[in-house]
Structure formats: C-alpha cells, structure tokens
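Undergrad: Marked as active site, 4-aspartylphosphate intermediate by TrEMBL: Asp374. Positions annotated as ATP binding site by TrEMBL: Asp374, Lys375, Thr376, Glu468, Phe510, Lys534, Arg563, Thr643, Gly644, Asp645, Arg725, Lys731, Asn754, Asp755. According to TrEMBL, the feature Mg(2+) binding site maps to Asp374, Thr376, Asp751, Asp755. Annotation comment: TrEMBL describes 38-98 as domain 'P-type ATPase N-terminal'. As annotated by TrEMBL, domain 'P-type ATPase C-terminal' applies to 778-1005. Per TrEMBL, transmembrane segment is recorded for 96-115, 289-308, 315-334, 812-832, 838-860, 890-910, 916-937, 944-964, 970-996.
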Amino acid sequence: YVLNPIEDLYRIDTKLCCPWSRCCGGGDFRPRTVWLGHPEKREQRYPRNVINNQKYNFFTFLPGVLFNQFKYFFNLYFLLLACSQFVNELRLGALYTYWVPLGFVLIITIMREAVEEMRCFLRDKEVNSQIYSKLSTRGEPLFPLIKRNQRVPADMIFLRTSERNGSCFLRTDQLDGETDWKLRLPVACTQRLPTAADLLQIRSFVYAEEPNIDIHNFIGTFTREDGDPPVSESLSIENTLWASTVIASGTVVGVVIYTGKELRSVMNTSNPRHKIGLFDLEVNCLTKILFGALVVVSLVMVALQHFAGRWYLQIFRFLLLFSNIVPISLRVNLDMGKMVYSWMIKKDSKIPGTGVRASTIPEQLGRISYLLTDKTGMISCLRFLILKNVALHIYSLWRKPSQSASRAPGATKVRKTISSRVHEAVKAIALVHNVTPAYESNGVTDQAEAEQHYEDTCRVYQASSPDEVSLVQWTESVGLTLVGRDQSSMQLRTPSGQILTFTILQIFPFTYESKRMGIIVRDESTGEITFYLKGADVVMAGIVQYNDWLEEECGNMAREGLRVLVVAKKSLTEEQYQDFEARYVQAKLSVHDRSLKVATVIESLEMEMELLCLTGVEDQLQADVRPTLEILRNAGIKVWMLTGDKLETATCTAKNAHLVTRNQDIHVFRPVTTRSEAHLELNAFRRKHDCALVISGDSLEVCLKFYEYEFMELACQCPAVVCCRCAPTQKAQIVRLLQERTGKLTCAVGDGGNDVSMIQEADCGVGVEGKEGKQASLAADFSITQFKHLGRLLMVHGRNSYKRSAALSQFVIHRSLCISTMQAVFSSVFYFASVPLYQGFLIIGYSTIYTMFPVFSLVLDKDVKSEVAMLYPELYKDLLKGRPLSFKTFLLWVLISIYQGSIIMYGALLLFESEFVHIVAISFTSLILTELLMVALTVQTWHWLMIVAELLSLACYIASLVFLHEFIDLYFITTLSFVWKVTAITLVSCLPLYILKYLRRRFSPPSYSKLTS
C-alpha cells in the first residue's frame, strides 16, 4: 500500500455525471451511501469537482458575446442599419460606410472578452491543478491525504489524523468567515486502526444526508461491517472536513462524500453574472432618446414634402441619412476608454498588485454609495497567527491596615506579596484555554526529538481562537511556557527549566450563551485542585468577590478597543471536587433539561471566586484601515460590515477600526425569533437617532421575513451597520436588498470564499488577496492586496473613470449631432431632398482619423491631482448624484451641437461662391476645426498626448486633402477667400462658448476649481 501523489484532486477520480445531472441520478439532491472495501458497490456518480468562474464556454462564447452586445439598443439599431444597405432602394452609399464601423466595434469587443475569458480560464486551471496525495491500492484512489496548510478539495468525512491527541484544527475563514479555528474529531473506530494502510482492509460504509447549504450541521453514520458485532457510529459536524477549509494541524485522511455543485461552499455561492454598469444603462437610455429624435426629424422631413410619392421609402432613407444622430463610435470609444482606465489602475505604483478582472465597469467605482466589507479583509495577518497587542493589568488588592481593620475588626489576614499575585495571574492565563502545542521538524531537529525535548524553535500553537494563542504566547514571553498537552494533562515550563504537570479534571468550554470558559486542574507536585475561570466582564462581575476597580478598568480597556477578559480562580478541597463531580456526572446523564441541570451544577462552583487579573486583546489592523474608512465616510459612502464572527468580536473590530466613531451610540439588536419580538425591537430601534446598528444573522433573517421594508428603511439611515454571524447567502441577500430598496450602487469587499456570493451580487466586487487563498479575488471585478488601497481605487481611479467617460460620451454625441444638424439644414434648404451632404471617405474619416484621437484623448483628462482627490474626499460625494452625465448636461450639449451645426452650414451656404463643392470644402473644414477647438475647450488639465493628438489630426486632414479631389476643389482651398471664410465661421461657432466658459469660471466656479486655484 503506497502513498501516490496525484494531480488535480479537484477532479476526483470517481465516475462523473454529465454536467447537467445531479448525484444519484435524479434532478433532486438525495442522501447517499459511500461504500468502502466494496469494489462491486462503488458505483456512486459525482459531479465534476472543478472551480469555474468563467462566464462562457467554448460553444457559448461567440453567441453569448454577440447577445450581450446586441441587447444594447444602439448596437442592434446599427446592425439593422447595415443590413438595410443590401436593399437597393435604401442604399445611400458604399456598403463599407456602414459595415466597417460596426465590424470594428464587434471585433474590439470580442477580443476584449476573449482575453478576459482566457485569463479567467488560466486562473481557474491553476487552482484546479493543485497536487494532493492519496492512499491507494491497485491504482484505485480511495482516501485523499491532506497535509498541514493544504486546502480541503472536497467535502469529506474525517477518518484519521497523525496528531497524537487524536484531533485536528481547521481554519474555516474561507467558508464561514469566522476567525476562530474549529476542532474536528475523526471517526473513533478508524482512528484506532494501527496504521493508515489498514483503512484499505476494512469493509464499511458511510451514510450521508442529502447535500444542503447548512455549513454548521451534518447528519450521518459510519458503519463497520467486518466487526463482530458490526460497529455503527453517529456522524456530526465535528467529523466533517468541508471543502475550502484549511488543515491547521497534522495530516488527515478522509473519504469524499460531496463534490462539485454539491459542495457546501459551492451551494453557498451564486453563479457569476454578467454585470452591466449603471453608466452603460444611462448611455443606452440617452441613445434611445436620440433614436426618438431621429424618427421625429425623419417624419418631419417627409411631412414637409406632404407625404408625396413613395413616402414610406423616404422615411427609411431619411432614417439612414440622419443615422449619425445615434453615434456608432460611442460604444467603441467607451470600450477602449474602459481598457485605458483598467491599464491605469494596474500600473498605479501607489496601489501595487491591484488587478482588474472585469474591465467593463470601472465607472462603477466612481459612484459607490454603500460599501459592504468582511471583517477579515481589514485584519493585518490573514494566517490567523495574528500579531496582538496584549495588555495585562495586574492589580494588587492591598489595603491599608486601618481599612482592613475597619472591614473586618480583629480578623487576621495573610497578605500576599505583589510577586505571588503576578505569579498566580500568569499561571492562570497559561492554564485556562484550549491551546495545544505541536512540534514540527525545522530541518535540524526532527519532529520526534523536538517533541521529546520541547524544542522552542519547533513549537507552534494550535487553538480554536487566535486570542487564546496570543495569551499563551504572552505567558511564554514572560517565562511560563506551555510545552505539552493531551486530553488529560498539561505541561508548563518555568524560567528555571522546571516542568510543572497539571492533570485536567474537567473543562467547561466557552459558549455564546455563557460567555465564559473554565477548567479544573490538579497540580501533580502539590496535589492542589484549582478551578480557573475566564470570561466577559458582564458575567464575571457577579461571580468574583467584591472589588472597587473591576468596572472602571474594564471600561477603560473597552474604550481602547480591547476585547476584555476577566480571570479568576477558586481553590477546591478533594471532598469539594468529589461532591461536584458526582453532581456533574448525574446532571450529564439526565434525559430532560440536561443543559439546564449541567449549567446549574457548574454555577454552584462559580461563586465568590478570587479575582486575579484582566486581559485585553486587540486585533492588529492592516496599515491605514482607519484613515481609509474615514475617507470613505467623508466621501458619503456608508460602510456595512458583514462577518461570520461572534457579536462581541465584530463589535470590537468595528470600534477598533473606527467604523463606529467614538461619539456614536451603538444599538445592539436583541436576539428575536418571532414576529412580535421583531416588531418590539424595531420600535425600540426607531426611537434611536444617529446610532450604529449591530445585529446577528438569525435576528436579521426574522426581520427580513416579517418586516423587510421597515428594517431596510431604518438600517439605511444608520451611519454604520454591523451584521455578525452572517451566512454567505445572507451577505448576498443584504446586497440585493440594498440595491432594490435604495437604487444606489453597492461595492462588496472580501478576502475569503465565504464572500464570493456577496462580491458577485454587488454592482462592484473587490477581492483582497491574502495568504488564505484567492477565491474572493478570482471571483471579484477588482483585486487589491491591502484594504487601504480601496481609498485610492475609489477616490482617484473611480472618480476619474466616471468623469472621463461622461465627458467622452457627451462629446461623441456632440460630434454626431453637429454633422446631423448640418445634414438637416442642407436637406431643408434643397427642398427636403434625401441626398447626403458628405459621402464616402469624408463621412468615415470625420469620426475616425480626423477627430478620433483628440476626442479619445479626453480619457487622459483630470480636474484635480490625485493627491487633492485623496485629501478632499468630499469631491467624490458630488458624483453620487450623477451630475457629470445627466439629462441637464445632455440637453446642454444637444443645444451646443444644434447651434454649431446650424452656424457652420448656414455660414457655408451664405459664403460659398458658385460651385457646390465649395460648400463641402468650407463646411467640412470648419466642422473639423470646430471639433478640435471644442476638445481644447473641454480639457481641464492638458497632457502632452492631447497636444500631439490635436496636431496629428490636423496634419492628417491637411495631408488627406490631396487625395480628396473627388469631394473638394483643391484650387479653391489654397485661396485667401477660403481661409477667411473658414476662419469666420469657426470663430462664430466657437468664440461664444469660450466666453461663456470664462464667465462661468469667473462667477460660478465648480468646487474642484477652488481647490486647484
């Protein structure tokens, strides 16, 4: 029996279903039995176990991309327009004048989507090709082996571990968002086998419930048939290894029960959707308005002809003639602009490592109203050996003799020294926890030798809570080191090298209801039995003996953002412990009200305990998290924190990160289970003003079930909201409700697999790349390496992208409306004839080589420097109202276009001499110069490439005149008469606008100009 390395355990070698079928043959999920040691029965069918973040596959790529393009109104419009040119009665010119621009737009779009899909495919392939080991016989893979720090590739039942204590820890942050490690236990009968290879000799089966989304519960059984009698064990969540979790200790062996779409992690995520930006929807709306104007102008032209002759054909000809009203170049300019913005984001040296997964929505970053973030995205070290600042407060209970005498006259007291109290406090912290030390080979010392001699360099601590690891590390730093632990004993090493052994008599684990944990130990050297207890100050205040400093110091530490624990002890005699143990065992055997009876017995010990010390633990935030959150608040963005952590942990992190400011009240939403309770609590919350809300996932679910509208209305008024114990699907639900109820744009930030649903549901998803995997960043639209980079991503790149696209889109519309206005004037002067003013290359050159570069150079424009945008985030708030692209600004540009088009055309008609080609020469040259001057008028900050684009376009036009003799009289354009006429028309069309811009800046300057002056 050998351990064989296998590639790609994400594609587990079992018989695979076809992609559209579900396990066990039907369309519904069903329970299943997994047979071990029964080759004749191993016929289970599993879905393909691969991660897939792609929007298309090989067959759906081209149809999908074309559908997503032609569902835009104006792309469909131009397709019909180009097809109409195959009808002779409707043809106005060469076919290439319509098909070349449309083909260019589609080719650019297909190439961009192909590049993004290929990148996504390569990223998925990297994750799907991870190498694992398997326990196999005859080349048949049965039991995957997963080593420490490896990610679990499928949902499994835990059969065996290499750890001496017979258990292992899991890091589950990528699944449920909780920072606490989880303890997992193998199946007892398989753990007792002498070697892992013996798993291949037994005959057994696993019964597992049907796949579902509940990551906190599991029901199943493990039955070994070759025993006498057969052994059957119940399986619970403690015996499972869910996919996307990470093994934190030892090497484990398991058997796969769910794969592919049946994984708990997959069922808690949603399918990736094709996101369409709000900006694109607004532009699409404007093009529909332009199309309506096109139809109206065409009908007016035919009506002025009194619907003579074949008037219905004339309507179509006018629709084609004025088709420039809806600019086909708008989409390609915006798409190319998005590519430039994405390139700028990736090349920004101040946010290194930032990636752009979806280049179609950079403008979304400039209009975010709600930011929803996971807690772990803000924590410094994502490996959960989090660096902590541990403040240990030891207070002497010394009392002056007069005070002591006044309290207990005549009483004789043994006053302990300061050093003995400190010793007791440190020993208590070193004992009351569930931390287990583990030893690893460091290249010099092997694991067995390190474990035997307690080598410090090879020791690592494992626990369900990083806070406990931090406290044990602190005791090590002051000389008392935890060197060993198993199920029944614990070993501590003193600074002198002496090993203190304590027998663990009882452990009372921490629960959310009790808010404390306890341990009873016997010191083997002295035989003393001591009960140590630590817990939250709110419950410990009533347990410890009277003192006058506990409440004050707890308040001081809480205001510093520390998670406070109170540590106390109580010495027990042998008789007291035996009496307690008898009552405790009896309570645990009760069938009715077991938990209540057990709690009552434990509480009988928790009286008049001696207060030893307080501990304060603080999460080490990433650099500049607090300034970043302050920037976001000043920018008008409301921040919601959605986490799977406990209520206290989430609240402390919110305070520590200054998500909740010092002068804000916090309303903790009481746990509710019924409609009436939710109604009462909502009424209590309604009476609060300007306070942050903290609510658990269970209470949130009840509120959304009965009072969805009322709850969302109140929550949206809060300056900050913290949702704890949130399931992944709940996070996505909250995002969806915010979008539906407010109509505002949302941005979701996360770093784990449990955040994928939220990221994909949000209008803009940002993944934080950490050491715990890349699921979030792979599924996100943008990825960053640190939370602080979010400020620059939104304030600088988001703001610039939106403002640039708004200016670019309106200028492209202006460019098209100008030439359409000239065509309308020309047709009305010449008896409403459906004859084009410019033909062939002139009409294509106008929107490409003559004006394309200057117009597109607007993507380099910016109103303020990036440092100013970061210093004054209030500038971002102005964009939330959508003013850069609104019906008001659109109407303004329409009026400018009509004015300039009319001036140019009427001017050319008035000033031309004898031939029609003179009208074409004068009007077209004036039109080109007007567009170049209007770009100069629109620019706010000049870039050297803008100047090059202006001069290059002008040079291209002058050089091309030599080849345009078919349309323009070359002799006429060299005369002085041509020059002065073009100059006069251009000045009349542009000079008033320059004057108006000067007056506006002089008497009503925009906010950004006040900062730059």
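The backbone N, Cα and C atoms fix where each Cβ goes, glycine too.
Remember, predicted model here, so these are calculated numbers, not experimental data.
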Undergrad: In the structure shown, which of the recorded positions Asp374, Asp751, Asp755 has the fewest other Cβ atoms within 10 Å?
TA: Asp374
Undergrad: Considering only Cβ pairs under 8 Å, which range in 96-115, 838-860, 890-910, 916-937, 944-964 makes the most contacts with the transmembrane segment (812-832)?
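TA: By Cβ pairs under 8 Å, 890-910 leads among 96-115, 838-860, 890-910, 916-937, 944-964.
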Undergrad: Of the recorded positions Asp374, Asp751, Asp755, which sits closest to Arg563 (ATP binding site) by Cα distance?
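TA: For Arg563 (ATP binding site), the spatially nearest of the recorded positions is Asp374.
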Undergrad: Might you list, by sequence position, any residue in that chain lying six or more from Phe510 (ATP binding site) with a Cβ less than 8 Å away from its Cβ?
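TA: Expected: Arg516, Met517, Gly535.
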Undergrad: Do any residues, 6 or more residues outside the transmembrane segment (96-115), come within under 8 Å Cβ-to-Cβ of it, and if so which ones?
TA: 56, 61-62, 65-66, 69, 75, 78-79, 81-82, 85, 328-329, 331-332, 335-336, 339, 359, 840, 843-844, 847
Undergrad: Between the stretches 289-308, 890-910, 916-937, 944-964, 970-996, which one has more Cβ pairs under 8 Å with the transmembrane segment (838-860) than any other?
TA: 944-964
Undergrad: Between Asp755 (Mg(2+) binding site) and Asp374 (active site, 4-aspartylphosphate intermediate), how many Å separate their Cα atoms?
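TA: Distance (Cα to Cα, whole Å): 7 Å.
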Undergrad: Sequence gap of 6 or more, Cβ distance under 8 Å, 3 or more pairs: do the transmembrane segment (916-937) and the transmembrane segment (970-996) meet that?
TA: yes
Undergrad: Would the transmembrane segment (289-308) count as touching the transmembrane segment (315-334), i.e. at least 3 C-beta pairs under 8 angstroms with sequence separation of 6+?
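TA: Answer yes: the transmembrane segment (315-334) meets the transmembrane segment (289-308) with 3 or more Cβ pairs below 8 Å.
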Undergrad: Under DSSP, the domain 'P-type ATPase N-terminal' (38-98) has how many residues in helix, strand and coil?
TA: 31 helix, 2 strand, 28 coil
Undergrad: How many Å lie between the Cα of Asn754 (ATP binding site) and the Cα of Asp374 (active site, 4-aspartylphosphate intermediate)?
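TA: Cα to Cα, Asn754 (ATP binding site) and Asp374 (active site, 4-aspartylphosphate intermediate) are separated by 9 Å.
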Undergrad: Quick one: which of these binding-site residues, Gly644, Arg725, Asp751, have their CA within 10 A of Asp374 (active site, 4-aspartylphosphate intermediate)?
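TA: If one measures from the Cα of Asp374 (active site, 4-aspartylphosphate intermediate), the binding-site residues that come within 10 Å are Gly644, Asp751.
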Undergrad: Counting across all protein chains present, how many other Cβ atoms fall within 10 Å of the Cβ of Gly644 (ATP binding site)?
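TA: Taking all protein chains shown, Gly644 (ATP binding site) has 30 Cβ neighbours within 10 Å.
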Undergrad: When a 10 Å sphere is centred on the Cβ of Arg563 (ATP binding site), how many other Cβ atoms does it contain?
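TA: Around Arg563 (ATP binding site), other Cβ atoms within 10 Å: 20.
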